[in-house]
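Scroll down for the structure; my scribbles are underneath it.
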Amino acid sequence: MLSRLRTTWSLRPCISLCRWVHTKEKGKPLMLSPRTNKGMAFSLQERQILGIHGLLPPKVETQEIQALRFQKNLKKLHDPLEKYIYLMGIQERNEKLFYRVLMEDIEELMPIVYTPTVGLACTQYGHIFRRPKGLFISILDRGHIRSILDNWPDTNVAVVVVTDGERILGLGDLGVYGMGIPVGKLCLYTACAGIRPEKCLPVVIDVGTDNKTLLKDPLYMGLYQKRDRSQAYDDLIDEFMEAVVDKYGQDTLIQFEDFGNHNAFRFLRKYREKYCTFNDDIQGTASVALAGLLAAQRAVGKPITEHRVLFLGAGEAALGIANLIVMAMMEMGMTQAEARKKIWMYDKDGLLVKGRQQGMDSNQEAFIHESPGDVQSFLDAVNAIKPTAIIGVAGAGRLFTHDVIKAMGTLNERPIIFALSNPTNKAECTAEEAYTLTDGRCLFASGSPFGPVTLSDGRVLTPGQGNNAYIFPGVGLAVILSGVRHISDTVFLEAAKTLAEQLTDKELAEGRLYPPLSNIREVSVQMAVKVVEYLYAKGMAFHYPEPVDKDAFVRATVWKTDYESFLPDTYDWPGVNFSPKSI
């Protein structure tokens, strides 16, 4: 009898210990992971079953109350960088709460998590760094990239955003500090298009930096070496692309972001027929700019084929926009040569014309024309070419001077003025300058947000923000759902037309050239539906069977911010009697 009692007593601590270890292992990691943490929204039953009861205050909160606390704390902050740090801190602790608040106030918070504040955050990255949010791959890791990808905890990645940090917005070479850009882009993939966060992978490729300030900064977090421009750099990018496809599949979307002009174009040419890839600075910017022009033509009353466009800047953004405008004009019946004659470019070395001795490359050849006369300044170019639209993508600051804006107002009844450079201090002009100097007649869009402008006659005009976020999330969602292997420029032409169609006449009358950012989730979903329809119609989709109802197909995949229950699935077996009975 004594031996039996001893046996029973000796088992109890073991059973208790095993249960304690099980619940602790199951419960505490749920609280520590931003993907599963619910904070005080864990129910009493969840807290008890998961072994976290007592680790939280007694109150059980709804997500609504949590969001209210989040929003009230955010409103107490006035410095944009402080807001960015606070927002990223919430993302690190509670992912669903972060996205709920971001989506509910996207118009106010997008400039914080994305342009323009993300640029400031990148410049200060080494000072505000708390925990890594993506993969850092250096040129010293050549030959081992696949093993680095294996270290990423999520195995079902659908979209990768990668940068080498050479041309971060209009801020230049920031090396590994450029990680803020892919992180910000992927936030918008989730907030705007509902792509699940665990399917998103931000990557920075570190090959050094030519930024002398960073190379002397003890807080810099990358390699202390000049940027490697040898064959080893190309080999590294090749290995990265192969490793991503090998691990995640041929239909993995790889978005290039903020590479230097030369590398951006050649990588697009090199990889576009081999991988599911696009360059947002070239193709995404082109699509959103073209959408603005297509919307503007409704107000101007003449088709895009009758416009003359003068670019300030002749880099990847300008060339991407120009080539897509040419495609749009050709779709309306013009020849390629005729369309190209409608487009002019002016950069730091002057107008792109035949006989110019310096500063031109092969990517610009299609838009080099005969000289229109003596052009010594951008104002001279405006007066000589008489454009209906000027588009600034130089990232060089206030070069749409008062004289330039007034000249556009003299030459056109409804001048089109797009100041698309980012961040805000790099914009070619402000919305107020554009509207007031043209008596409210211009059609204005910017890359960074500007507030409404009240004119002297009392009219209030709301400027449109030519934000790539109108394009890449919806296109990305469509590409992922359709199983596309290669992305054609025609996809971005279709996206531009879809975006322009979503602008209402009322919004156009308010001065907008794009729908309000507050509607961007619906805008992105509708764009994804249209692009999915296009991809199947053109035989580019590889997801089978083809969904009959494309709208329902897209909407069913959109990720939501509602908390999940961690309670076990319990149920009864109706009609079952466990007592023995005679047969």
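Cβ atoms are placed via backbone N, Cα and C, with glycine included.
Bear in mind that the values here come from a model prediction, so they are computed numbers and not experimental data.
Features of the protein shown, as given by TrEMBL:
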DOMAIN    91-272  domain 'Malic enzyme N-terminal'
ACT_SITE  TYR114  active site, proton donor
BINDING   ARG167, ASN422, ASN467  (S)-malate binding site
ACT_SITE  LYS185  active site, proton acceptor
BINDING   GLU257, ASP258, ASP281  divalent metal cation binding site
DOMAIN    282-536  domain 'Malic enzyme NAD-binding'
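Everything TrEMBL records as a feature, shown here on the structure.
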| residue | record | CB count, 10 Å |
| --- | --- | --- |
| TYR114 | active site, proton donor | 24 |
| ARG167 | (S)-malate binding site | 23 |
| LYS185 | active site, proton acceptor | 27 |
| GLU257 | divalent metal cation binding site | 26 |
| ASP258 | divalent metal cation binding site | 27 |
| ASP281 | divalent metal cation binding site | 25 |
| ASN422 | (S)-malate binding site | 26 |
| ASN467 | (S)-malate binding site | 27 |
Seminar exercise, completed: Same-chain neighbours of the divalent metal cation site, Cβ within 8 Å of the mean position of the Cβ atoms of GLU257, ASP258, ASP281 and not counting those residues, run in sequence order as THR163, ARG167, ILE168, ILE181, PHE256, PHE259, ALA264, ASN279, ASP280
Problem set entry | Overall pLDDT of the domain 'Malic enzyme N-terminal' (91-272), taken as the mean | 95
Seminar exercise, completed: A 10 Å Cα radius around ASP258 (divalent metal cation binding site) captures, of the recorded positions TYR114, ARG167, ASN422, exactly ARG167
Seminar exercise, completed: Cα of ASP281 (divalent metal cation binding site) to Cα of ARG167 ((S)-malate binding site), in Å and rounded, measures 10
Exercise. Of all the recorded positions given, namely TYR114, LYS185, GLU257, which is spatially nearest to ARG167 ((S)-malate binding site) at the Cα level?
Worked result: GLU257
